Amino acid sequence: MGEVKLIGSSGSLFCTRVEWALKLKGIDYEYIQEDLLNKSELLIKSNPVHKKIPVLLHDDKPVVESLVILEYIDETWKGYSLLPQDPHERATARFWAKFVDDKCVIGSWQAMAMQDEGEAKAKAIESVQELYAFIEKQIEGKKFFGGEQIGYLDLVMGWKTLWLSAMEEVGNVKLLDPEKFPSLHQWAENFKEIPIIHESMPQQETLVNYFQGGLNYLRSLETNKQ
């Protein structure tokens, strides 16, 4: 099926979900580690609009944006199915995947990055937890979002298993309380037990450094603007 390369960064949740998909499908690929502070010509050429990771190169043809890449992988390589076969279930999975990336990931980052330890931060945490409540309802009574085996939405949600705890540590916040979100907590435990998933997770320290570095960089930009 051609040569496959993945341009990414080891701490990126968006890149790791693509790696999980490739491994679930049994696809051999070359991983190209990108320096995000000194972006390569290959990345800029492959994703000239956003200049972001991940980028999947299939026979040197680029596919960008992690959600798009997951669907491309599922459509191109048969075998293990990521997306549901039923059209309505497939559309629903796409809806919640976009909700997770546009709302939950961004909201969690914003709560982590907020330096104010007072009422504003408490409201930010509450807002994020309101978003998680929607996801909690989607997983209630199920082992995985994809049913008895992990699928597209599980891979999209996979960042909650480790990346979120790193965010909580960096931002000194508690966003996903197991008592408040028991179904999500149990889902995360089930997800982490799958060998392909567990083996592809970065170390907690790596993720803490990744988020702290990103936060420090953004704050330095804000300082320079003043």
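Glycine is treated like the rest: Cβ placed from N, Cα and C.
Listed features, source TrEMBL:
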DOMAIN    2-81  domain 'GST N-terminal'
DOMAIN    86-208  domain 'GST C-terminal'
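Here the domain 'GST C-terminal' (86-208) has, by DSSP, the following mix of helix, strand and coil residues: 88 helix, 2 strand, 33 coil. When pLDDT values are averaged over the domain 'GST N-terminal' (2-81), the model yields 96.
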